[in-house]
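Engineer: Sharing a structure with you now.
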Amino acid sequence: MSAKKKPTITKQELYSLVAADTQLNKALIERIFTSQQKIIQNALKHNQEVIIPPGIKFTVVTVKAKPARQGHNPATGEPIQIKAKPEHKAVKIRALKPVHDMLN
């Protein structure tokens, strides 16, 4: 019972679509996307929030430390020890209202 894979726009397809829509060449589009990625990475390293219009929000969140705990192997029911996880940072990506409105 395998789920059908949703169609995905690849990076190269995205570059081609943007190039066709803006009438700019693909090399320039690729440089723009690469620059955008670097800017987002730099902002997140400095704990800055980034919003990409029309409404995708990137934030850095701190995930609390989790202590070691007892669990069980779901296949065998055998008890296992789950390791503790230290506090760490993660990126949270959220679609804002304008993006949700696009779907309705």
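Backbone N, Cα and C atoms are what each Cβ position is placed from, and that goes for glycine too.
Predicted, not measured: the structure shown is a model, and the values here were computed from it.
Found this in Swiss-Prot, in case it helps:
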{"type": "SITE", "residues": "K57", "note": "site 'DNA-binding'"}
{"type": "SITE", "residues": "R69", "note": "site 'DNA-binding'"}
{"type": "SITE", "residues": "R69", "note": "site 'Important for DNA-binding activity'"}
{"type": "SITE", "residues": "H72", "note": "site 'DNA-binding'"}
{"type": "SITE", "residues": "P74", "note": "site 'DNA-binding'"}
{"type": "SITE", "residues": "K83", "note": "site 'DNA-binding'"}
{"type": "SITE", "residues": "K85", "note": "site 'DNA-binding'"}
{"type": "SITE", "residues": "K92", "note": "site 'DNA-binding'"}
{"type": "SITE", "residues": "R94", "note": "site 'DNA-binding'"}
{"type": "SITE", "residues": "L96", "note": "site 'DNA-binding'"}
{"type": "SITE", "residues": "K97", "note": "site 'DNA-binding'"}
Engineer: Using C-alpha positions only, work out which of the recorded sites K57, R69, P74, K83, K85 is nearest to R94 (site 'DNA-binding').
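Structural biologist: The smallest Cα gap between R94 (site 'DNA-binding') and any of the recorded sites is with K57.
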Engineer: Can you tell me which recorded sites out of K57, K83, K92, L96 are within 10 A of R69 (site 'DNA-binding') by Cα, answering none if there aren't any?
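Structural biologist: Close recorded sites: K83.
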Engineer: Can you name the residues of this chain that are 6 or more positions from K97 (site 'DNA-binding') yet have a C-beta less than 8 Å from its C-beta?
Structural biologist: G55
Engineer: What Cα-Cα separation, expressed in whole Å, is found between L96 (site 'DNA-binding') and K57 (site 'DNA-binding')?
Structural biologist: 7
Engineer: Is it possible to get the count of other C-beta atoms within 10 angstroms of the C-beta of H72 (site 'DNA-binding')?
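Structural biologist: A 10 Å sphere around the Cβ of H72 (site 'DNA-binding') contains 11 other Cβ atoms.
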Engineer: What count of other C-beta atoms do you get within 10 angstroms of the C-beta of K92 (site 'DNA-binding'), across all chains shown?
Structural biologist: 11
Engineer: Out of the recorded sites listed (P74, K83, K85), which are within 10 Å of K92 (site 'DNA-binding'), Cα to Cα?
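Structural biologist: Those near K92 (site 'DNA-binding') - Cα within 10 Å - do not exist; the answer is none.
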Engineer: Cα-Cα, whole number of Å: K57 (site 'DNA-binding') versus P74 (site 'DNA-binding')?
Structural biologist: 36
Engineer: Where does K83 (site 'DNA-binding') sit by DSSP, helix, strand or coil?
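Structural biologist: Note: K83 (site 'DNA-binding') is coil by DSSP, not helix or strand.
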Engineer: Measuring Cα to Cα, tell me the gap between K85 (site 'DNA-binding') and H72 (site 'DNA-binding') in whole angstrom.
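Structural biologist: Approximately 17 Å lies between the Cα of K85 (site 'DNA-binding') and that of H72 (site 'DNA-binding').
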Engineer: If you measure K83 (site 'DNA-binding') to H72 (site 'DNA-binding') at Cα, how many Å is it?
Structural biologist: 13
Engineer: Taking every protein chain shown into account, which of the recorded sites K57, R69, K83, R94 has the largest tally of Cβ atoms within 10 Å of its Cβ?
Structural biologist: K57
